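Notes to accompany the following structure.
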Amino acid sequence: ISKKENLRWISLVALVVQNTSLVLLLRYSRTMKAERYLSSTAIVTAEFIKGLICVILVWLENDRSVSRLLRVLHEEIYAKPFDTSKLAIPSGLYAVQNNLLFVALSYLNAATYQVSYQLKILTTAIFSVLIMGKKVERHQWFSLFLLAIGVAFVTWPSSEETTKRITTQIQATWLQQAIGFGAVILASVTSGFSGVYFEKILKTGPTSVWVRNIQLACFGSLFGLAIVFCVDYKPVMEKGFFQGYSAIVWIVIVLQAMGGLIIATVIKYADNIIKGFATSLSIIFSSVISYFFLHDFSPSLFFYTGTVFVLSATFLYGWERKMTSSSVADQSRI
């Protein structure tokens, strides 16, 4: 097995573990009895930590020389303003995406939102074909649809939850529902495009993945601060930027920062479609851990059916990749 293949699988496993841990701890941090922290400031802090970690990694790559580190940062970021500015596109789209999801959750219940947001798996595959020129086999397309259906089943609410949500949703107007679905569709499109665009940038040119993440963190921090100013300016002025931060919150922030680095590594050595599969698997693991340890989740028949679909889709897509690579190797021998 090649070094690249090892890095691919290590990064995928790390992404599943990070996603699962983040979801569980984030849920706990938002429900524990303590002063509420501002999620907008947590996002900015995570971006700053991500950039700082990448600076340290670039420093280690350059024999722990501060002068060489400064030279690399100057040559790759300051001296290439046009190249650096390319990262403003995915950073801006990520900011737009987060706001669109907030709008969607304002008009749709959580189940409808989770189900409809799985469109991002398909938009990612479509943009991978259009932008990256990737070839997706028929069975791989089938596995993508199977994955979307599986995650929809996994996140489908129980009959009791459905009854509660229907009573509150009856009052929602058709226009509100249309706004919610429109926000989800736009968020799915921006998610797919920004992810594939970032993948193309990572895989073209000699710039290291850590330098790219520094560029992304710089723009992400700026966009994040703009959101803090627009949304949470008053509470920040009253109680401070780090209000409500506890040990659990800091762990969540560090996990969020590490997630950005792991995702970049996955995109570098695999692709965005594989990242979607890893994220879907983490949904299942989070649900299982919630059932056995947190006791705040009761699996239904939909959950078991969706789990089978997601696992089948994962293996089907991976099997197709192996078959494709082996067939190419066979043809090269002829």
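All residue numbers here begin at 1 and follow the chain in the order shown.
Placed from the backbone N, Cα and C atoms, the Cβ positions cover glycine too.
The annotation transmembrane segment is assigned in TrEMBL to 38-60, 87-108, 139-157, 178-198, 210-233, 245-267, 273-294, 301-319.
Beyond its flanks by at least six residues, the transmembrane segment (245-267) meets 7-8, 11-12, 14-15, 18-19, 21-22, 25-26, 28-29, 32, 34, 37, 42-43, 45-47, 49-50, 53-54, 195, 198-199, 202, 209, 212-213, 216-217, 274-275, 278 of its own chain at Cβ-Cβ distances under 8 Å. Within its own chain, the transmembrane segment (38-60) has Cβ neighbours under 8 Å at 66, 69, 72-73, 98, 208, 210-211, 213-214, 217-218, 220-221, 224-225, 227-228, 231-232, 235-236, 241-244, 249, 252-254, 256-258, 260-261, counting only residues six or more beyond its boundaries.
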